[in-house]
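Undergrad: Here's a structure for you.
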């Protein structure tokens with residue numbers, strides 16, 4: 001016999017719900033719209049306070065850039081790996097390891113979705129020539145570190161979730177996203193930037209999936225005046241939004257329905273270009289369209305055909321034979337190097353320990369290791385439990401330290417001042433990317449995750465997994481791109497990126513609140 005709502009409400013004042021049915025009924029009766037909004041906003045208050053502390057310290061010159069970089073290295077190589085390991089080992093078992101597949105799939109879908117949104121924005125709105133690839137990186141790679149971990153840990157630690165157990169499991173699921181970030185990232189040696197920002201040779205700046213290489217493409221070749229880029233973008237937008245649909249309608253009306261497919265192909269394909277520029281062949285600038293659909297090309301640009309120079313006579317150049325490691329593909333070398341970074345080692349090792357019961361029994365004593373008999377330490381704990389206690393203690397510093405570093409990075413962003421300064425910026429692209437990432441992407445993320453749940457890819461009963469997958473759809477651009485842009489810019493600045501980041505982090509607060517409240521209402 002099921003309990004009434006009033007009985008469950010009264011019993012909740014004295015005892016926690018003991019049955020899943022009672023817990024769901026309690027959630028439905030107690031969690032009003034106001035309560036859902038409050039528990040969705042509460043983690044953001046803690047996030048804002050931590051970020052504000054780093055912002056204030058930087059503005060007061062108490063947290064210089066060199067100190068922030070050193071703190072970031074501690075975060076990446078010590079505290080964050082410790083946090084991931086301390087949550088993965090007790091949370092994952094052979095029964096729930098299947099959740100790792102959907103996590104990786106959703107991570108890849110979100111990256112592709114962000115790239116698509118940024119590409120559409122670049123296609124329709126004016127973007128500075130020195131940011132034509134940076135906007136693609138800004139759309140594709142989001143802040144998958146401190147912000148989601150801080151918010152998700154706070155929400156899953158309280159009702160309607162199961163407290164500490166769900167909190168631990170949520171961080172273990174977040175490790176799946178971070179593993180994608182770490183394994184697919186490309187290292188940029190700071191020797192490229194030693195003359196720009198005076199970093200030590202041992203420091204390295206990272207960004208995923210070759211994003212740092214894409215940012216570097218923005219600074220290859222000569223610059224293009226903003227007026228020329230605006231004119232080409234306006235022509236391309238007119239062609240896509242007005243002239244191409246009108247041409248398609250005219251050709252369909254002339255040929256009739258039987259030749260509709262051929263008419264669409266003729267309308268899609270523009271007229272053959274009259275000229276081809278060297279810049280377009282090399283990919284250094286986008287191909288602008290005229291009102292007729294033909295590329296607009298500067299007439300003063302000479303066509304240069306490079307020929308291989310003949311080897312010098314009278315001298316022979318001897319190249320040292322490549323070593324065994326040099327014979328490996330560069331992409332494979334990068335992949336192997338990233339596997340041996342502290343974060344990757346910690347996450348992969350933690351997964352191995354969690355899935356091998358004899359190894360897991362050395363660290364934790366739970367139901368998954370009940371059949372493993374190992375001599376306990378004098379205090380009755382597993383013999384290596386002190387290692388897990390240590391990494392748990394170190395990992396506890398990861399989130400506040402990361403948020404302080406985020407506040408420091410935001411404090412160093414160059415904010416345009418004055419109406420004239422904002423007029424010179426691509427406001428259309430800035431607002432479009434912010435709306436796309438913080439409003440459109442969460443809606444699509446909810447639809448994608450619900451679709452994957454409906455077809456069985458995501459377990460319908462694993463509410464923590466569903467919440468984590470949906471929550472990662474409403475994250476802004478990673479601030480790591482600021483440092484990568486500073487490396488490649490030649491001036492140590494990231495003026496265009498700053499203007500793109502600020503609206504996203506402003507919209508982040510209402511977007512996270514809405515997504516969290518909707519997801520909790522849907523799940524419970």
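Residue numbers in this text run from 1 along the chain shown.
For all residues, glycine too, the Cβ spot is worked out from N, Cα and C.
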Undergrad: What range among 97-121, 122-146 does TrEMBL record as transmembrane segment?
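TA: Here TrEMBL associates transmembrane segment with the stretch 97-121.
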Undergrad: According to TrEMBL, which listed range is transmembrane segment: 170-188, 189-207, 208-226?
TA: 170-188
Undergrad: Name the residue range among 51-89, 246-284, 285-323, 324-362 that TrEMBL annotates as region 'Disordered'.
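TA: So the range that TrEMBL calls region 'Disordered' is 285-323.
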Undergrad: Under 8 angstroms, Cβ to Cβ: which one of 33-56, 97-121, 391-413, 497-520 has the largest number of such pairs with the transmembrane segment (335-356)?
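TA: Between the stretches 33-56, 97-121, 391-413, 497-520, 97-121 has the largest tally.
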Undergrad: Examine the transmembrane segment (464-485) against the transmembrane segment (33-56) and state whether at least 3 Cβ pairs sit under 8 A, considering only residue pairs 6 or more apart.
TA: no
Undergrad: Would you mind listing the long-range same-chain contacts of the transmembrane segment (425-444), meaning Cβ under 8 Å and 6+ residues beyond its ends?
TA: 110, 113-114, 117-118, 120-122, 124-128, 135, 138-139, 142, 416, 473-474, 476-477, 496, 499-500, 503-504, 506-508, 511, 514-515
